[in-house]
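Asker: Attaching a single structure in structure tokens format; questions to follow.
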């Protein structure tokens, strides 16, 4: 029931904020839908993965319709809507799949929201600062009881709701300081280049999902099948305790967030140098994780 508590905390603050916009209405309605649907799984009612994805897509479209928030990558709105709904669905499921150890998702989300708040402060997006701080406040009270050894758990309702809120923040963030880089690359729409920055902040769940997907595809293992092949499982199988594993990923999250912060003030050469650092970091992390052979155990 931890996820319900986080959701209620966020909803309560949004309701009493005194500025309940259509964006908050979208977050409120879609957030409730994600939590209620997650509670079905938490109550042991098993829903097939494909139906979860289609349902999450539907909830994402409900949010876009109510809030009017979506990517502006292209001039054709329905493509932007589809990409936005797909990204929100991806993040809700990525955070859910990452939820395999005490305090992992709640801590990563807390740090991510913190970096989002700092980024938003630097570009003057007060609504994102507010939403990020609201999520941080809800997670801070929860993390005390969710860190190893946990007495309260997120469940699917909590992890998908957190993924939803982080995705909304990432979509809304528009880093105007990168406009010169976008122009230098001949990109007319700023959000195409500025979206790289929030994607780096969300790098842990994004990497973990793609890492598992690619490796399962190569080993002919169903993607929807439970297993011990996620990044945190592999680190733990190397002999690290659960606390050490979670703290290692916290550290990586801080590195990624710091790189993202550096990017917003970078010129084009510095921007791509930092992007190269991220590539090298994840390449090295991949080599490190592949030392553990797990598929014979699934």
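Every residue gets a Cβ built from N, Cα and C, even glycine.
These came from TrEMBL, pasted as-is:
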type: BINDING; residues: 96; note: Mg(2+) binding site
type: TRANSMEM; residues: 24-41; note: transmembrane segment
type: TRANSMEM; residues: 53-72; note: transmembrane segment
type: TRANSMEM; residues: 78-96; note: transmembrane segment
type: TRANSMEM; residues: 103-122; note: transmembrane segment
type: TRANSMEM; residues: 128-147; note: transmembrane segment
type: TRANSMEM; residues: 159-179; note: transmembrane segment
type: TRANSMEM; residues: 191-213; note: transmembrane segment
type: TRANSMEM; residues: 244-264; note: transmembrane segment
type: TRANSMEM; residues: 270-290; note: transmembrane segment
Asker: Just to confirm: which same-chain residues, 6+ apart in sequence, have a Cβ under 8 Å from the Cβ of the residue listed as 'Mg(2+) binding site'?
Answerer: 38, 156, 159, 160, 163
Asker: Cβ pairs under 8 Å with the transmembrane segment (128-147): which stretch of 24-41, 78-96, 103-122, 191-213, 244-264 has the most?
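Answerer: Stretch with maximum Cβ contacts: 103-122.
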